[in-house]
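The structure appears below as structure tokens.
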Amino acid sequence: MSGDTKRLRAVVKGVGSALPNRCVTNKELEETVDTSDEWIVQRTGIRQRYIAGEGETTSTLGIRAAQAALDRAGLTPDDIDLIVCATSTPDYTFPSTATMIQAGLGCTHGVAFDVQAVCAGFVFAVSTAEKFLVSGSHKRALVIGAETFSRILDWQDRTTCVLFGDGAGAMVLEAEEQSVAAAGGNLPRGVLATCLRSDGRHRAKLYVDGGPSTTKTVGFLRMEGKEVFRFAVGQVTDVMAETFASAGITAEDLDWFVPHQANRRIIDASAQKFGIPTEKVVLTVQDHGNTSAASIPLALSVACGDGRIKPGDLVMIEAIGGGFTWGAAVLRW
Ligand code: UT7
């Protein structure tokens, strides 16, 4: 292959995030449900989470996160022609949260739509946007993970209500032509590989017991925590292995591992399986709880904001969610 062969890649231009105003500690939850700070910290690593108040919705959080990502990228809404929003807690059944964010940003062109893969949603959204960008059909994408899981929690159910929180994160991806050969030490940047999976047989292990076409209600989140835990630790590594193989790298090459933030024990076990040292793992579950599709972009925003993730760094994101759905992606910043 000649040295000047080019291809399009989806390159990260900026990330941003938004949290609701109200922070709720484990201690506060002790007052309303039969739980303890000690149990929550020991079993999950969570110390606090943010809960949306009146006027704060998935789209308002998404708009704030998207605007922050655009600011970091030095871009305006006019520069965006694709918005993909991952959420399982849309403001309304329809229209999509993505179109509400589009309108909120004042963006009147391009295309906006939602992706629904629960906690794996952001990885699915990145993979979807990447395919649009490398096809040449679109130039710049806002990829958003935004959730208000507090609105679908049964606040009497201690086995679920202590685990989740609300928030949003966003990433700007831009189609950029790059040499296929890493000429002169210029390593390819952007999304290098993604791998997505789903297996609908596991529906009953993590689901919402309502919906427009069944109960005509929104419903509440229900989870067999142990089963989800077992699957997350046992199975999710298949997509990580496949992503490493198609990117042509190994776990040792990674600068940062940014997994879905559901439970510290799941994160530790996944990292250990690939020999990824703790110092390379970005951990935010203690501050945000499980924010579903928002957890990875929130964590990326924290690690970019504090200077850990730098241009040139190799980053893996990985998540599992209801369905089950699961996936991983490797990106060079
Ligand atoms: O984003 C993807 C979706 N979610 C996940 O990835 C979550 C995956 N699962 C988990 O993280 C864990 O399974 C949990 C954190 C949900 C639970 O941890 P566990 O170590 O699997 O605990 P358990 O469900 O086996 O419960 C142990 C005990 C039970 O009491 P008994 O039966 O031993 O007397 C529970 O009733 O802990 C009790 N328990 C609690 N105690 C205090 C359950 N929830 C609570 C609570 N506070 N909030």
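These residue numbers are counts, starting from 1, taken along the chain as shown.
Placement of Cβ uses the backbone N, Cα and C atoms for every residue, glycine included.
Marked as domain 'Beta-ketoacyl-[acyl-carrier-protein] synthase III N-terminal' by TrEMBL: 113-179. The average pLDDT the prediction assigns to the domain 'Beta-ketoacyl-[acyl-carrier-protein] synthase III N-terminal' (113-179) is 98.
If you look up TrEMBL, you'll see CYS119 (among others) marked as active site. Mapped onto three states, the DSSP output places CYS119 (active site) in helix.
Annotation source TrEMBL lists domain 'Beta-ketoacyl-[acyl-carrier-protein] synthase III C-terminal' at 245-333.
For HIS260 (active site), the Cβ neighbour count at a 10 Å cut-off comes to 32, with all displayed protein chains included. The feature active site is assigned by TrEMBL to HIS260 (among others).
Look at TrEMBL and you will find 261-265 tagged as region 'ACP-binding'. Long-range Cβ contacts of the region 'ACP-binding' (261-265) within its own chain (Cβ-Cβ under 8 Å, at least 6 residues beyond either end) map to 43-46, 119, 163, 229, 232, 283-286, 288-291, 295-296, 298-299, 320.
Mapped onto three states, the DSSP output places ASN290 (active site) in strand. Listed in sequence order, the residues of the same chain lying 6 or more apart from ASN290 (active site) and placing their CB within less than 8 Å of its CB are ILE46, CYS119, PHE149, LEU163, PHE164, GLY165, HIS260, GLN261, ALA262, ASN263. Taken from TrEMBL, the feature active site covers ASN290 (among others).
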